[in-house]
Protein chains: 2
Amino acid sequence: MRQGHLFVVSGPSGAGKGTVLKRLINEYDNLEYSISATTRHSRKGEVDGKDYFFLTENDFFKLVDDDRFIEWAKVHNNYYGTPKDYVLEMIEKGKDIILEIDIQGAKQVCESYPEAIFVFLAPPSLEELARRLDQRGSENRHTKEVRLNNAREEMKERENYDYEIINDKIDQAVLKLKSIIIAENCKIK
Amino acid sequence: MRQGHLFVVSGPSGAGKGTVLKRLINEYDNLEYSISATTRHSRKGEVDGKDYFFLTENDFFKLVDDDRFIEWAKVHNNYYGTPKDYVLEMIEKGKDIILEIDIQGAKQVCESYPEAIFVFLAPPSLEELARRLDQRGSENRHTKEVRLNNAREEMKERENYDYEIINDKIDQAVLKLKSIIIAENCKIK
(Lines of atoms letter the chains of each structure in order from A and count residues from 1; the text may use other names and numbers.)
(Lines give C-alpha, C1' and ligand atoms only; values in the text may rest on other atoms or scores of the structure.)
Protein backbone atom coordinates (compact mmCIF):
# COMPACT_ATOMS: atom_id res chain seq x y z
CA MET A 1 0.00 0.00 0.00
CA ARG A 2 1.15 3.53 -0.66
CA GLN A 3 2.50 5.49 2.26
CA GLY A 4 1.39 8.98 3.23
CA HIS A 5 3.63 12.01 3.58
CA LEU A 6 4.27 14.57 6.26
CA PHE A 7 3.87 18.14 4.97
CA VAL A 8 5.33 20.87 7.15
CA VAL A 9 3.96 24.36 6.56
CA SER A 10 5.98 27.10 8.18
CA GLY A 11 6.81 30.76 7.73
CA PRO A 12 6.90 34.05 9.60
CA SER A 13 4.08 34.85 11.99
CA GLY A 14 1.41 36.76 10.07
CA ALA A 15 2.03 34.98 6.75
CA GLY A 16 -1.40 33.38 7.02
CA LYS A 17 -0.56 29.74 7.80
CA GLY A 18 -3.67 29.12 9.90
CA THR A 19 -6.10 30.59 7.36
CA VAL A 20 -4.59 28.71 4.43
CA LEU A 21 -4.61 25.40 6.28
CA LYS A 22 -8.16 25.75 7.52
CA ARG A 23 -9.35 26.27 3.94
CA LEU A 24 -7.23 23.40 2.66
CA ILE A 25 -8.47 20.85 5.19
CA ASN A 26 -12.04 21.59 4.09
CA GLU A 27 -11.24 21.13 0.41
CA TYR A 28 -8.99 18.11 0.49
CA ASP A 29 -9.79 14.59 1.63
CA ASN A 30 -7.19 12.13 2.82
CA LEU A 31 -5.39 14.86 4.70
CA GLU A 32 -5.09 14.97 8.47
CA TYR A 33 -4.05 17.77 10.73
CA SER A 34 -1.24 16.73 13.03
CA ILE A 35 -2.43 16.63 16.64
CA SER A 36 -0.10 18.17 19.21
CA ALA A 37 0.54 16.98 22.71
CA THR A 38 0.46 19.63 25.43
CA THR A 39 0.88 20.00 29.17
CA ARG A 40 -1.61 22.86 29.39
CA HIS A 41 -5.04 22.18 30.84
CA SER A 42 -7.85 21.45 28.41
CA ARG A 43 -10.30 24.26 27.78
CA LYS A 44 -14.05 23.84 27.66
CA GLY A 45 -15.07 21.89 24.58
CA GLU A 46 -11.59 20.61 23.78
CA VAL A 47 -11.43 16.87 23.23
CA ASP A 48 -8.40 14.77 24.19
CA GLY A 49 -7.01 12.98 21.12
CA LYS A 50 -8.81 15.36 18.77
CA ASP A 51 -7.81 18.91 19.65
CA TYR A 52 -4.74 17.90 21.63
CA PHE A 53 -3.26 15.00 23.47
CA PHE A 54 -3.39 16.36 27.03
CA LEU A 55 -0.45 15.10 29.07
CA THR A 56 0.98 15.67 32.50
CA GLU A 57 4.43 17.19 32.61
CA ASN A 58 5.74 13.83 33.77
CA ASP A 59 4.27 11.97 30.81
CA PHE A 60 5.40 14.71 28.43
CA PHE A 61 9.01 14.44 29.54
CA LYS A 62 8.90 10.69 29.42
CA LEU A 63 8.14 11.05 25.71
CA VAL A 64 10.90 13.65 25.36
CA ASP A 65 13.40 11.27 27.00
CA ASP A 66 12.27 8.39 24.77
CA ASP A 67 12.70 10.58 21.67
CA ARG A 68 9.00 10.23 20.82
CA PHE A 69 8.54 13.83 19.65
CA ILE A 70 9.22 15.07 16.13
CA GLU A 71 9.62 18.49 17.72
CA TRP A 72 8.68 20.12 20.99
CA ALA A 73 8.93 23.55 22.62
CA LYS A 74 7.94 25.56 25.66
CA VAL A 75 5.41 28.33 25.06
CA HIS A 76 4.17 30.53 27.94
CA ASN A 77 5.06 28.01 30.66
CA ASN A 78 3.40 25.10 28.87
CA TYR A 79 4.99 22.45 26.72
CA TYR A 80 3.81 21.54 23.24
CA GLY A 81 5.08 18.79 20.99
CA THR A 82 4.31 16.72 17.90
CA PRO A 83 4.14 13.02 18.84
CA LYS A 84 6.08 10.84 16.43
CA ASP A 85 3.83 7.80 16.89
CA TYR A 86 0.65 9.52 15.73
CA VAL A 87 2.35 10.93 12.63
CA LEU A 88 4.01 7.64 11.71
CA GLU A 89 0.75 5.74 12.22
CA MET A 90 -1.09 8.06 9.79
CA ILE A 91 1.73 7.78 7.24
CA GLU A 92 1.68 3.99 7.49
CA LYS A 93 -2.08 4.07 6.85
CA GLY A 94 -1.43 6.02 3.63
CA LYS A 95 -2.76 9.29 5.02
CA ASP A 96 -1.07 12.59 4.31
CA ILE A 97 -0.57 14.63 7.42
CA ILE A 98 0.02 18.34 7.69
CA LEU A 99 1.82 20.21 10.42
CA GLU A 100 1.63 23.98 10.86
CA ILE A 101 4.58 25.19 12.84
CA ASP A 102 6.95 28.08 13.39
CA ILE A 103 10.39 28.27 11.82
CA GLN A 104 12.23 26.91 14.87
CA GLY A 105 9.87 23.93 15.06
CA ALA A 106 10.31 23.22 11.37
CA LYS A 107 14.07 23.07 11.89
CA GLN A 108 13.58 20.40 14.55
CA VAL A 109 11.31 18.40 12.24
CA CYS A 110 13.96 18.59 9.53
CA GLU A 111 16.43 16.95 11.91
CA SER A 112 14.13 14.25 13.26
CA TYR A 113 12.14 13.49 10.10
CA PRO A 114 13.99 14.74 7.00
CA GLU A 115 11.64 12.82 4.66
CA ALA A 116 8.99 15.46 5.39
CA ILE A 117 8.12 17.96 2.69
CA PHE A 118 8.79 21.52 3.76
CA VAL A 119 6.64 24.38 2.50
CA PHE A 120 7.55 27.98 3.28
CA LEU A 121 4.55 30.29 3.41
CA ALA A 122 5.71 33.86 2.90
CA PRO A 123 3.90 37.17 3.17
CA PRO A 124 3.93 39.14 -0.11
CA SER A 125 6.37 41.60 1.49
CA LEU A 126 7.48 42.88 4.88
CA GLU A 127 5.40 46.03 4.26
CA GLU A 128 2.29 43.89 3.76
CA LEU A 129 3.16 41.90 6.89
CA ALA A 130 3.36 45.16 8.87
CA ARG A 131 -0.05 46.16 7.52
CA ARG A 132 -1.52 42.79 8.55
CA LEU A 133 -0.09 43.09 12.05
CA ASP A 134 -1.64 46.58 12.28
CA GLN A 135 -5.01 45.18 11.25
CA ARG A 136 -4.91 42.58 13.99
CA GLY A 137 -5.01 45.58 16.27
CA SER A 138 -3.89 43.55 19.25
CA GLU A 139 -0.23 44.35 18.68
CA ASN A 140 1.43 47.24 20.41
CA ARG A 141 4.22 49.06 18.66
CA HIS A 142 7.03 47.24 20.40
CA THR A 143 5.58 43.76 19.77
CA LYS A 144 5.07 44.70 16.14
CA GLU A 145 8.71 45.75 15.74
CA VAL A 146 9.86 42.50 17.35
CA ARG A 147 7.65 40.47 15.03
CA LEU A 148 8.85 42.34 11.96
CA ASN A 149 12.47 41.85 12.92
CA ASN A 150 11.82 38.17 13.50
CA ALA A 151 10.11 37.91 10.13
CA ARG A 152 13.06 39.61 8.43
CA GLU A 153 15.39 36.99 9.94
CA GLU A 154 13.01 34.12 9.26
CA MET A 155 12.67 35.01 5.58
CA LYS A 156 16.31 33.97 5.20
CA GLU A 157 15.33 30.40 6.06
CA ARG A 158 13.30 29.93 2.89
CA GLU A 159 16.19 28.42 0.96
CA ASN A 160 16.18 25.39 3.27
CA TYR A 161 12.64 24.54 2.20
CA ASP A 162 11.36 22.43 -0.70
CA TYR A 163 8.63 24.81 -1.80
CA GLU A 164 7.69 28.44 -1.34
CA ILE A 165 4.20 29.89 -1.54
CA ILE A 166 3.84 33.64 -1.49
CA ASN A 167 0.53 34.30 0.18
CA ASP A 168 -0.72 37.33 -1.70
CA LYS A 169 -4.07 35.82 -2.65
CA ILE A 170 -5.58 33.28 -0.31
CA ASP A 171 -7.33 31.30 -3.09
CA GLN A 172 -4.08 30.98 -4.99
CA ALA A 173 -2.14 30.02 -1.88
CA VAL A 174 -4.63 27.24 -1.07
CA LEU A 175 -4.53 26.00 -4.68
CA LYS A 176 -0.73 25.94 -4.60
CA LEU A 177 -0.55 24.02 -1.35
CA LYS A 178 -3.13 21.53 -2.61
CA SER A 179 -1.16 21.16 -5.85
CA ILE A 180 2.05 20.47 -3.94
CA ILE A 181 0.32 17.67 -2.02
CA ILE A 182 -1.17 16.14 -5.18
CA ALA A 183 2.12 16.41 -7.07
CA GLU A 184 4.14 14.84 -4.25
CA ASN A 185 1.76 11.89 -4.39
CA CYS A 186 2.54 11.46 -8.11
CA LYS A 187 6.30 11.46 -7.56
CA ILE A 188 8.26 8.40 -8.55
CA LYS A 189 10.76 7.61 -5.82
CA MET B 1 12.33 37.25 -14.00
CA ARG B 2 11.29 33.70 -13.32
CA GLN B 3 12.05 31.13 -15.99
CA GLY B 4 9.58 28.67 -17.42
CA HIS B 5 9.92 24.90 -17.42
CA LEU B 6 9.73 22.20 -20.04
CA PHE B 7 7.26 19.46 -19.11
CA VAL B 8 7.54 16.22 -21.06
CA VAL B 9 4.46 14.00 -21.02
CA SER B 10 5.08 10.51 -22.30
CA GLY B 11 3.76 6.99 -21.92
CA PRO B 12 2.57 4.01 -23.92
CA SER B 13 0.38 4.65 -26.93
CA GLY B 14 -3.26 4.49 -25.82
CA ALA B 15 -2.58 5.92 -22.34
CA GLY B 16 -4.52 9.05 -23.30
CA LYS B 17 -1.76 11.68 -23.61
CA GLY B 18 -3.54 13.66 -26.31
CA THR B 19 -6.88 13.84 -24.49
CA VAL B 20 -5.33 14.86 -21.18
CA LEU B 21 -3.20 17.57 -22.77
CA LYS B 22 -6.03 19.04 -24.81
CA ARG B 23 -8.08 19.43 -21.65
CA LEU B 24 -5.16 20.87 -19.72
CA ILE B 25 -4.29 23.52 -22.30
CA ASN B 26 -7.86 24.81 -22.10
CA GLU B 27 -7.78 25.03 -18.31
CA TYR B 28 -4.36 26.45 -17.67
CA ASP B 29 -2.92 29.78 -18.76
CA ASN B 30 0.75 30.48 -19.14
CA LEU B 31 1.27 27.07 -20.73
CA GLU B 32 2.31 26.58 -24.34
CA TYR B 33 2.22 23.49 -26.46
CA SER B 34 5.59 22.78 -28.00
CA ILE B 35 5.45 23.24 -31.79
CA SER B 36 7.16 20.54 -33.84
CA ALA B 37 9.09 20.99 -37.04
CA THR B 38 8.26 18.58 -39.87
CA THR B 39 9.26 17.82 -43.43
CA ARG B 40 5.77 16.64 -44.39
CA HIS B 41 3.60 18.91 -46.52
CA SER B 42 1.13 21.13 -44.74
CA ARG B 43 -2.49 20.04 -44.89
CA LYS B 44 -5.40 22.35 -45.58
CA GLY B 45 -5.93 24.74 -42.70
CA GLU B 46 -2.56 24.09 -41.04
CA VAL B 47 -0.61 27.24 -40.26
CA ASP B 48 3.19 27.40 -40.38
CA GLY B 49 4.56 28.44 -36.96
CA LYS B 50 1.31 27.49 -35.24
CA ASP B 51 0.51 23.86 -36.08
CA TYR B 52 4.02 23.02 -37.23
CA PHE B 53 7.15 24.61 -38.50
CA PHE B 54 7.15 23.27 -42.08
CA LEU B 55 10.67 22.69 -43.33
CA THR B 56 12.34 21.23 -46.40
CA GLU B 57 14.43 18.13 -45.79
CA ASN B 58 17.52 20.24 -46.41
CA ASP B 59 16.59 22.79 -43.76
CA PHE B 60 15.57 20.04 -41.36
CA PHE B 61 18.94 18.32 -41.60
CA LYS B 62 20.79 21.59 -41.30
CA LEU B 63 19.12 21.93 -37.87
CA VAL B 64 19.98 18.30 -37.06
CA ASP B 65 23.64 18.94 -37.94
CA ASP B 66 23.69 22.12 -35.87
CA ASP B 67 22.22 20.23 -32.89
CA ARG B 68 19.15 22.50 -32.86
CA PHE B 69 16.65 19.75 -32.04
CA ILE B 70 15.79 18.58 -28.54
CA GLU B 71 14.70 15.34 -30.22
CA TRP B 72 13.81 14.20 -33.72
CA ALA B 73 12.60 11.04 -35.47
CA LYS B 74 11.44 9.65 -38.78
CA VAL B 75 7.77 8.64 -38.93
CA HIS B 76 6.24 7.20 -42.14
CA ASN B 77 8.90 8.72 -44.44
CA ASN B 78 8.63 12.18 -42.88
CA TYR B 79 10.84 13.76 -40.26
CA TYR B 80 9.56 15.37 -37.09
CA GLY B 81 11.52 17.24 -34.44
CA THR B 82 11.26 19.61 -31.48
CA PRO B 83 13.25 22.77 -32.21
CA LYS B 84 15.43 23.80 -29.30
CA ASP B 85 15.27 27.53 -30.06
CA TYR B 86 11.49 27.77 -29.75
CA VAL B 87 11.47 25.90 -26.44
CA LEU B 88 14.34 27.91 -24.96
CA GLU B 89 12.75 31.18 -26.09
CA MET B 90 9.49 30.32 -24.28
CA ILE B 91 11.37 29.26 -21.15
CA GLU B 92 13.35 32.51 -21.16
CA LYS B 93 10.07 34.43 -21.40
CA GLY B 94 8.88 32.63 -18.25
CA LYS B 95 6.38 30.43 -20.10
CA ASP B 96 5.92 26.80 -19.23
CA ILE B 97 5.96 24.59 -22.27
CA ILE B 98 4.58 21.11 -22.62
CA LEU B 99 5.72 18.40 -24.99
CA GLU B 100 3.71 15.26 -25.69
CA ILE B 101 5.97 12.57 -27.02
CA ASP B 102 6.56 8.82 -27.22
CA ILE B 103 8.95 6.99 -24.91
CA GLN B 104 11.85 7.00 -27.37
CA GLY B 105 11.48 10.75 -27.91
CA ALA B 106 11.38 11.38 -24.17
CA LYS B 107 14.69 9.52 -23.82
CA GLN B 108 16.26 11.87 -26.36
CA VAL B 109 14.89 14.91 -24.49
CA CYS B 110 16.39 13.56 -21.27
CA GLU B 111 19.81 13.52 -22.93
CA SER B 112 19.61 16.93 -24.59
CA TYR B 113 17.64 18.81 -21.91
CA PRO B 114 17.83 16.98 -18.57
CA GLU B 115 16.36 20.02 -16.72
CA ALA B 116 12.96 19.07 -18.18
CA ILE B 117 10.34 17.55 -15.89
CA PHE B 118 9.28 14.10 -17.01
CA VAL B 119 5.74 12.85 -16.45
CA PHE B 120 4.80 9.26 -17.24
CA LEU B 121 1.15 8.83 -18.21
CA ALA B 122 0.16 5.21 -17.67
CA PRO B 123 -3.00 3.32 -18.56
CA PRO B 124 -4.73 1.82 -15.49
CA SER B 125 -3.64 -1.64 -16.64
CA LEU B 126 -2.61 -3.52 -19.78
CA GLU B 127 -6.10 -5.09 -19.86
CA GLU B 128 -7.66 -1.62 -19.94
CA LEU B 129 -5.20 -0.58 -22.65
CA ALA B 130 -6.26 -3.60 -24.76
CA ARG B 131 -9.90 -2.58 -24.30
CA ARG B 132 -9.14 0.98 -25.40
CA LEU B 133 -7.31 -0.24 -28.49
CA ASP B 134 -10.33 -2.44 -29.31
CA GLN B 135 -12.63 0.56 -28.98
CA ARG B 136 -10.59 2.57 -31.44
CA GLY B 137 -11.71 -0.11 -33.90
CA SER B 138 -9.03 0.87 -36.38
CA GLU B 139 -6.56 -1.68 -35.04
CA ASN B 140 -6.30 -5.13 -36.55
CA ARG B 141 -5.35 -8.02 -34.31
CA HIS B 142 -1.67 -8.06 -35.27
CA THR B 143 -1.23 -4.29 -34.76
CA LYS B 144 -2.96 -4.57 -31.41
CA GLU B 145 -0.60 -7.33 -30.25
CA VAL B 146 2.41 -5.26 -31.32
CA ARG B 147 1.11 -2.23 -29.46
CA LEU B 148 0.42 -4.23 -26.31
CA ASN B 149 3.88 -5.77 -26.39
CA ASN B 150 5.39 -2.31 -26.87
CA ALA B 151 3.33 -0.99 -23.96
CA ARG B 152 4.51 -3.86 -21.75
CA GLU B 153 8.13 -2.93 -22.51
CA GLU B 154 7.48 0.81 -22.21
CA MET B 155 5.92 0.47 -18.77
CA LYS B 156 9.38 -0.52 -17.52
CA GLU B 157 10.60 2.98 -18.35
CA ARG B 158 8.46 4.65 -15.70
CA GLU B 159 11.16 4.56 -13.07
CA ASN B 160 13.25 7.01 -15.12
CA TYR B 161 10.53 9.65 -14.81
CA ASP B 162 9.92 12.29 -12.15
CA TYR B 163 6.17 11.74 -11.85
CA GLU B 164 3.62 9.11 -12.75
CA ILE B 165 -0.05 9.68 -13.45
CA ILE B 166 -2.28 6.65 -13.81
CA ASN B 167 -4.97 7.72 -16.25
CA ASP B 168 -8.01 5.88 -14.90
CA LYS B 169 -10.21 8.97 -14.64
CA ILE B 170 -9.59 11.77 -17.09
CA ASP B 171 -10.64 14.56 -14.67
CA GLN B 172 -8.24 13.26 -12.06
CA ALA B 173 -5.42 12.88 -14.57
CA VAL B 174 -5.87 16.49 -15.76
CA LEU B 175 -5.95 17.74 -12.15
CA LYS B 176 -2.77 15.81 -11.35
CA LEU B 177 -0.88 17.14 -14.35
CA LYS B 178 -2.01 20.68 -13.55
CA SER B 179 -0.93 20.19 -9.93
CA ILE B 180 2.51 19.00 -11.00
CA ILE B 181 2.97 22.16 -13.08
CA ILE B 182 1.82 24.44 -10.26
CA ALA B 183 3.97 22.62 -7.69
CA GLU B 184 7.09 22.74 -9.86
CA ASN B 185 6.61 26.50 -10.06
CA CYS B 186 6.64 26.70 -6.25
CA LYS B 187 9.86 24.69 -5.93
CA ILE B 188 12.83 26.37 -4.32
CA LYS B 189 15.93 25.58 -6.36
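In case you wondered, yes, glycine gets a Cβ from its N, Cα and C as well.
Annotations in TrEMBL come from automatic prediction, not curation.
As recorded in TrEMBL:
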DOMAIN    A:4-182  domain 'Guanylate kinase-like'
BINDING   A:G11, A:P12, A:S13, A:G14, A:A15, A:G16, A:K17, A:G18  ATP binding site
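Considering other CB atoms within 10 Å as the measure, the emptiest surroundings among the binding-site residues A:P12, A:G14, A:G16, A:G18 are those of A:G18. Excluding A:G11, A:P12, A:S13, A:G14, A:A15, A:G16, A:K17, A:G18, which define the ATP site, the same chain contributes A:L121, A:P123, A:N167 within 8 Å (Cβ to the Cβ centroid), listed in sequence order. With the fewest other C-beta atoms within 10 Å around its C-beta, A:S13 stands out among the binding-site residues A:S13, A:K17. A sphere of 10 angstroms centred on the C-beta of A:A15 (ATP binding site) encloses 26 other C-beta atoms. Residues near A:G11 (ATP binding site) in space but far in sequence (CB under 8 A, at least 6 apart, same chain), listed by position: A:K17, A:I103, A:F120, A:L121, A:A122, A:P123, A:E154, A:N167. Taking the domain 'Guanylate kinase-like' (A:4-182) as a whole, pLDDT averages 91 in the prediction.
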